[in-house]
There are 2 protein chains.
Amino acid sequence: MKNYIIHCDWKVIEEGFDPKNNRVSESLFSLGNGHTGQRANFEEKYSGDSLQGNYLAGVYYPDKTRVGWWKNGYPEYFAKVLNAANWIGIHIQVDGEELDLATAQVDEFKRELDMHSALLTRSFVASLPSGKKLEVEAKRFLSMKNQEIGVIRYQLKSLNFSAPLTVTSFIDGDVMNEDSNYDEKFWVELEKEVEGANAFLCMETKKTGFHSGNRQLTRVLLNGKEQLDQPEALQKEKFVGSVFHSQFQEGDTLVVEKYAAICSSLQTPKGKMKARTQKLVEEASAKGFEQLYQEHSKAWELRWETSDIEIKGDRAAQQGIRFNIFHLMQTYTGDDERLNIGPKGFTGEKYGGVTYWDTEAYCLPFFLGTAPERVAKNLLMYRYKHLGRAIENAEKLGFKNGAALYPMVTINGEECHNEWEITFEEIHRNGAIAYAIYNYINYTGDRQYLAPYGFEVLLGISRFWAQRVNWSEEKQAYVILGVTGPNEYENNVNNNFHTNKMAVWTLKYTLDVIAYIKREHPYLFEELIQKWKFNELQETDHWKEIIEKMYFPYDAKREIFLQQDGFLDKELIPVDLLPEDEYPINQNWSWDRILRSCYIKQADTLQSLYWFQDEYDQESVKRHFDFYEPITVHESSLSPCVHSILASRIGREDKAYEFYLRTARLDLDDYNNDTEDGLHITSMAGTWMSFVEAFGGMRVKNGQLMLDPFIPKSWESYSFKISFRGSHLEIQMGEELKIINHNPGMVSAIIWGKNYELQEKQELILNREEK
Amino acid sequence: MKNYIIHCDWKVIEEGFDPKNNRVSESLFSLGNGHTGQRANFEEKYSGDSLQGNYLAGVYYPDKTRVGWWKNGYPEYFAKVLNAANWIGIHIQVDGEELDLATAQVDEFKRELDMHSALLTRSFVASLPSGKKLEVEAKRFLSMKNQEIGVIRYQLKSLNFSAPLTVTSFIDGDVMNEDSNYDEKFWVELEKEVEGANAFLCMETKKTGFHSGNRQLTRVLLNGKEQLDQPEALQKEKFVGSVFHSQFQEGDTLVVEKYAAICSSLQTPKGKMKARTQKLVEEASAKGFEQLYQEHSKAWELRWETSDIEIKGDRAAQQGIRFNIFHLMQTYTGDDERLNIGPKGFTGEKYGGVTYWDTEAYCLPFFLGTAPERVAKNLLMYRYKHLGRAIENAEKLGFKNGAALYPMVTINGEECHNEWEITFEEIHRNGAIAYAIYNYINYTGDRQYLAPYGFEVLLGISRFWAQRVNWSEEKQAYVILGVTGPNEYENNVNNNFHTNKMAVWTLKYTLDVIAYIKREHPYLFEELIQKWKFNELQETDHWKEIIEKMYFPYDAKREIFLQQDGFLDKELIPVDLLPEDEYPINQNWSWDRILRSCYIKQADTLQSLYWFQDEYDQESVKRHFDFYEPITVHESSLSPCVHSILASRIGREDKAYEFYLRTARLDLDDYNNDTEDGLHITSMAGTWMSFVEAFGGMRVKNGQLMLDPFIPKSWESYSFKISFRGSHLEIQMGEELKIINHNPGMVSAIIWGKNYELQEKQELILNREEK
């Protein structure tokens with residue numbers, strides 16, 4: 001837990017330089033634009049502790065798996081997003097002395113991230129060991145208008161000296177991932193070229209053969225005048241740069257402008273990097289810093305228009321929620337169906353930058369609610385495109401006949417993860433991927449997606465469930481043995497309620513989808529039968545039998561479903577009674593003790609109750625919540641959001657707020673002491689979800705929008721925005737509830753239980769008492 | 001599966017050189033004498049595939065743990081027995097051309113291990129690429145009389161050439177473990193010295209600071225006459241040697257005799273290596289090869305006198321059982337309580353050469369039955385000495401108040417293993433260590449061992465069980481959650497029958513032991529109460545409650561105990577019905593599929609039925625055997641022995657024989673294609689156990705020896721020998737049963753259900769019909 005970030009509505013601000021916080025700040029102040037992203041490393045040399053990070057969306061390397069004890073079925077590789085060429089380098093030497101904040105005395109240090117326009121500014125006064133004083137201001141952004149452009153404006157002022165000054169502006173491709181399994185470097189140099197201020201470097205990844213193209217055009221202005229001397233060209237292995245020499249007088253100001261093109265072969269054909277990057281830097285430098293920034297800023301403004309959340313009366317909360325929305329928008333723009341959302345986005349390497357079930361379970365609602373429909377759809381298409389691989393993955397584990405098991409962790413559809421209890425057993429992810437299809441269609445009404453995309457994925461997943469269950473003679477029911485539920489603090493359990501529920505639900509939903517396609521797309525259905533060798537009658541009869549005869553662990557006394565078989569054999573001691581120095585238990589208890597304890601890492605049975613809330617009445621939700629919540633340790637950042645929403649459903653507004661707070665500033669306050677590894681991007685989506693669904697009470701039931709807002713006691717007012725089926729609503733909750741429909745076209749919504757119709761621009765005002 | 005070893009009563013013979021089999025043969029022909037051991041590597045250079053291995057008992061290095069995903073509680077290091085200096089090197093150059101069986105044409109190759117006298121002989125004719133032909137015969141042994149001495153006699157004959165010959169006799173300390181986690185070398189050089197034919201090398205292990213001292217005195221005889229020219233001294237980093245030059249004429253014979261001292265700081269104080277090794281090689285060379293061999297051979301003869309098993313009518317079986325006994329005797333002599341038995345002995349590196357529960361569960365009976373009492377006692381003392389560490393180990397996992405959890409894998413008492421499902425969950429090992437105390441006393445009658453050694457260990461283990469159980473409100477019974485039983489094809493199960501049984505049994509036995517000590521050693525008991533802060537009343541009351549209220553999973557319909565909770569939810573398909581290409585399942589199925597299947601790796605519930613056979617009547621054993629055996633895949637080499645013994649108990653003699661065969665020649669025929677890694681030493685003890693307990697029907701019940709022999713149909717006769725409480729019995733089973741008591745003193749035994757008393761030298765002859 002840290003508390004050094006200054007609270008501010010639209011900005012993240014750090015004042016004073018503390019090297020101990022540097023890695024944390026590098027994460028917090030990260031920039032990204034969906035195509036590329038980077039940690040907030042310094043432009044000038046920094047010999048202190050730092051995690052350098054530049055990432056190109058979708059560019060990965062299959063790092064050879066490293067395990068202690070190999071289990072049959074483990075994947076050979078862990079595909080990870082690569083640390084790519086570092087293009088921000090601007091090294092400064094004054095009379096041969098290097099500017100390095102690890103050796104200089106640093107005063108008036110300020111780092112500021114303007115979230116409204118995604119601009120990173122850093123300023124400080126550095127006194128070099130020789131006593132020379134420099135004032136520096138650096139501004140940087142990754143253009144949201146043209147996502148292959150990054151721009152830096154680095155300004156130096158001499159405060160007390162006159163001396164020769166050398167500026168080296170460079171691109172360094174000799175980088176590696178800190179988490180490389182065998183300390184291997186993953187990039188090889190392909191081509192480079194430096195001509196004066198224009199430097200180009202083209203690299204290729206080993207094995208996967210991705211190309212990256214980086215080019216920079218550096219412009220140096222002394223006291224506002226461009227330096228006309230041709231800079232010195234610098235070339236080393238995997239390194240290009242331009243070196244500028246100046247005579248610097250006391251009071252002089254030098255500005256370095258760097259126009260960078262950052263391309264990858266996902267967009268630019270191999271062999272075209274040179275020309276493409278040349279065109280990009282020429283156009284960018286012609287526009288100049290200011291115009292580029294205006295365009296970028298405008299693009300961000302448009303995004304905030306549909307996604308901002310405003311909170312009055314609590315600045316920390318205001319900053320927190322915007323910080324989360326900001327980073328989600330930096331990470332994924334939905335322009336490319338090959339991309340997805342890594343748990344750390346572009347802010348670190350942990351978890352390989354690859355896709356987990358987090359996307360479907362936590363991120364989808366944010367993009368459904370704030371972005372154009374195609375953005376959420378592309379997240380679904382990502383999985384559709386991987387269906388073949390999911391079938392291969394299932395085959396490796398012994399399944400047949402088109403059964404699909406989506407990987408736990410992936411970038412290209414192949415499984416990467418290698419911890420048997422997760423890789424092989426957390427099959428509930430397959431359910432989340434099916435549920436996301438339902439969720440998308442329920443929200444958008446785009447049933448067309450089912451034919452054929454949704455259907456094909458659902459068929460593969462249903463076939464998996466149908467093979468994964470087995471008949472228990474003992475129970476005279478179908479069971480699912482040997483799984484790990486969302487609660488990873490239990491492994492290899494039998495009949496995890498959530499997993500069994502997802503299996504049955506998927507089968508039911510697929511039957512509905514089949515009925516829909518047969519009715520609405522009969523010819524397509526015939527084609528699909530052929531394509532997938534779908535024996536409808538036989539397969540669906542088996543599904544129906546499973547639906548009818550699935551076993552669910554249940555405690556008749558408490559009238560609750562049990563997380564898994566044998567759960568009641570545990571000692572049920574509420575978390576509150578644990579000595580404080582024993583948690584987080586994952587840092588204080590050995591793994592076996594965690595496993596056999598009753599403590600739950602994140603919503604598991606409650607995850608089902610959240611997703612299928614229509615099936616459970618309030619009393620039932622209360623019973624489950626009151627049983628599970630007190631033994632939940634929330635040691636996953638994905639846990640509180642679901643609890644917040646359910647607490648709200650059962651009228652526990654204080655609890656809902658309490659859970660919301662647990663993740664809202666998770667990274668800003670470095671709650672878990674791990675922000676240095678990168679930000680919890682997918683958990684940020686969970687925070688949004690708990691705002692809109694817990695405080696806003698938003699749900700969509702059978703295509704009908706429902707809102708049930710309340711306001712946490714300590715706030716004056718809040719507002720949030722959602723897009724829903726063409727309408728664009730703003731919900732303001734304060735003394736009264738005001739709902740504005742900004743878009744043309746009428747939208748109907750059930751608000752506090754009553755039906756309303758909102759015409760374009762109409763403002764609906766309700767008194768709080770109407771709740 | 002291979003079949004290249006020639007069947008022979010007392011010898012292991014390989015004829016013809018096939019490099020593909022080389023690693024396997026290096027394992028099979030390994031030598032050892034309890035103090036040191038080595039794989040059957042070649043003396044001359046060999047550039048082909050080989051696993052060089054020389055090991056010093058008890059000399060280890062804590063290799064930094066390597067895992068894919070760290071779990072809280074994992075040990076930081078895996079202590080492994082080290083590959084030590086290679087002292088056998090005798091390189092031969094003829095006119096500059098190296099003798100190397102990978103490049104020469106090899107004829108008349110024969111490798112022979114005489115198990116009666118533990119002599120390794122190798123002979124061949126090598127045609128060098130130049131056409132020069134050499135005849136070679138090499139003999140080698142590790143003295144069982146003086147265990148710090150190794151001797152080689154290496155004879156060369158020129159068949160068709162006259163040329164200068166160079167012999168380099170050396171010690172090479174620059175070796176490493178193939179399984180080093182980070183490719184690190186674990187030895188550093190301390191001191192070396194070469195004077196003519198006398199070369200000395202002293203090395204030290206990193207971190208653990210063990211010293212090894214190797215010295216060799218090389219003697220070279222040309223046509224029977226000692227070469228008097230002083231050899232050339234050779235010194236390199238971690239390497240010492242002596243180089244002899246000769247003129248070699250066609251028909252000449254050159255003999256290289258190497259007298260080697262192999263010392264470690266476990267026996268020789270640091271700083272005394274130089275003097276100690278000098279004394280050893282002087283004495284050895286003064287005696288000469290023949291006398292040393294006679295002494296060595298005599299020592300082996302004595303061992304065979306009390307341990308041999310003879311089988312008539314089946315040479316393969318005869319060779320198999322002797323091979324197993326031979327390697328067990330090479331591995332552990334019981335002279336040093338700091339040593340134990342690694343799963344591969346001195347024959348390979350796999351499993352780190354460290355101690356598993358195999359020792360207590362499978363090896364102890366062999367040493368009880370064939371060696372002096374002190375040998376088995378030292379195996380117990382090994383654990384006693386580690387009691388403090390076992391308590392620390394338990395503390396790391398959250399236990400208190402002197403609870404002891406012995407490690408799953410260890411060399412110095414600290415846990416090495418790092419697979420949570422085994423390291424933390426296979427706690428039944430603690431039961432095996434308790435059971436070994438009972439087993440030792442039941443066999444030897446040495447109750448004195450309990451005061452205090454046995455008691456202290458039992459107290460620690462009982463305290464562990466008392467804390468490891470928890471009360472299940474649901475079941476109104478004590479349960480043990482989250483364990484892995486002996487069947488490692490299930491992880492994190494609840495109420496594993498065997499584990500629950502071991503817990504209750506340990507508590508009961510400890511109560512008996514307390515009663516004994518209070519009665520027989522009241523003053524000592526008072527001391528122990530103080531020493532261990534033993535609150536007798538309170539602690540034992542809790543134990544009694546656990547004993548009374550422990551839950552055991554049971555199927556009332558089948559009248560059998562279930563391996564664990566939920567076992568009957570599995571699909572119970574006998575192994576016979578699996579397609580042949582699907583097993584071994586651990587090579588063909590992904591891990592999750594194995595886990596949720598009904599298939600059992602090795603005796604689990606049946607392990608309890610074997611250990612506590614007095615508690616279960618024959619019908620009950622039959623029911624359990626008939627339920628579990630058909631779903632057991634025996635993919636551990638430790639599985640068939642227990643099944644063989646139980647099959648014999650229930651009168652299934654054919655089955656007993658069938659299971660016996662599954663391990664008797666496991667390594668000789670390379671059944672599992674893994675003999676190249678080393679031999680299955682602990683499984684060899686299981687084979688002995690199934691011979692003596694299944695065929696011989698040997699049991700000891702309340703101190704009473706019982707024999708119930710039968711003979712497999714295909715054999716003419718067999719005989720085995722056991723030591724029992726001072727008597728030394730030979731049991732011959734053929735047309736009739738003959739039992740001879742070789743020792744002074746009477747012994748009583750129940751044979752085929754009738755009581756007999758055997759006086760010294762008495763031969764009891766019973767007709768087979770009396771069975």
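Cβ coordinates are placed from backbone N, Cα and C, and glycine is handled just like the others.
TrEMBL does not curate its annotations; it predicts them automatically.
Annotated domain 'Glycoside hydrolase family 65 N-terminal' per TrEMBL: B:13-265, in sequence order. As annotated by TrEMBL, domain 'Glycoside hydrolase family 65 central catalytic' applies to B:322-689. Among the features that TrEMBL reports, substrate binding site is placed at B:Trp357, B:Asp358, B:Lys601, B:Gln602. The feature active site, proton donor is assigned by TrEMBL to B:Glu488. Per TrEMBL, the feature domain 'Glycoside hydrolase family 65 C-terminal' maps to B:698-736.
Cβ neighbour count for B:Lys601 (substrate binding site): 22 (other Cβ atoms within 10 Å of its Cβ, all protein chains included). Contacts of B:Asp358 (substrate binding site) defined by a Cβ separation under 8 A and a same-chain sequence distance of 6+ are given as B:Ile341, B:Pro343, B:Leu638, B:Thr682, B:Ser683, B:Ala685, in order along the sequence.
Here the recorded positions are B:Trp357, B:Asp358, B:Glu488, B:Gln602, and none sits under 8 angstroms from chain A, going by CB atoms. Counting residues of the domain 'Glycoside hydrolase family 65 C-terminal' (B:698-736) by DSSP class, helix then strand then coil, yields 0 helix, 23 strand, 16 coil. Each residue contributes its Cα atom, and for B:Gln602 (substrate binding site) and the residue listed as 'active site, proton donor' those atoms are 8 Å apart.
Cα-Cα distance from B:Glu488 (active site, proton donor) to B:Trp357 (substrate binding site): 13 Å (rounded to the nearest whole number).
Under the three-state DSSP scheme, B:Asp358 (substrate binding site) falls in the helix class. The Cβ of B:Glu488 (active site, proton donor) has 21 other Cβ atoms within 10 Å, all protein chains considered. Listed in chain order, the residues near the substrate site other than B:Trp357, B:Asp358, B:Lys601, B:Gln602 are B:Tyr356, B:Ala361, B:Tyr362, B:Pro486, B:Glu488, B:Ser636, B:Leu638, B:Ser639, each with its Cβ within 8 Å of the site Cβ centroid. Cβ neighbours within 10 Å of B:Trp357 (substrate binding site), excluding its own Cβ and spanning all shown chains: 23.
Mean per-residue pLDDT, taken over the domain 'Glycoside hydrolase family 65 central catalytic' (B:322-689), amounts to 96.
Around B:Gln602 (substrate binding site), a 10 Å sphere centred on its CB holds 24 further CB atoms from the protein chains shown. Of all residue pairs in the substrate-binding list (B:Trp357, B:Asp358, B:Lys601, B:Gln602), the one with the greatest Cα separation is 16 Å apart.
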